[in-house]
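A.B. asks: Dropping a structure here in structure tokens format, bear with me for questions.
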């Protein structure tokens, strides 16, 4: 599994509207044979259907494991996505996984939504 395969995984997949939980996940090839430790990437996943941060992580990690990747959850928080105003705000934390590094999540979201105002804060739940 090469770094090119990791590029096939979208950096960001979040719901198009509303306030919802999100997790920051590190993805890497599952088989360590012949792969360098540097071959990994962080992805942002956030969905309204999730009651808990673990619901998102469990679903995403099981899908990625079927494709030959390993995952670890780096933390979570919430996203407020206001598509009409073209604004996304990242904040809060996960009781189970702790606070995600919102600055990392925000940079990935900015890359996917370049015409949005994307902000973050460590406060709130």
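The first residue you see is number 1, and the count goes up from there.
Here the Cβ of each residue, glycine as well, is placed from N, Cα and C on the backbone.
So TrEMBL lists these for the protein:
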- 21: substrate binding site (BINDING)
- 53: active site, proton acceptor (ACT_SITE)
A.B. asks: Let me know how many other Cβ atoms fall within 10 Å of the Cβ of residue 21 (substrate binding site).
C.D. replies: 22
A.B. asks: Can you tell me how many other Cβ atoms are located within 10 Å of the Cβ belonging to residue 53 (active site, proton acceptor)?
C.D. replies: 25
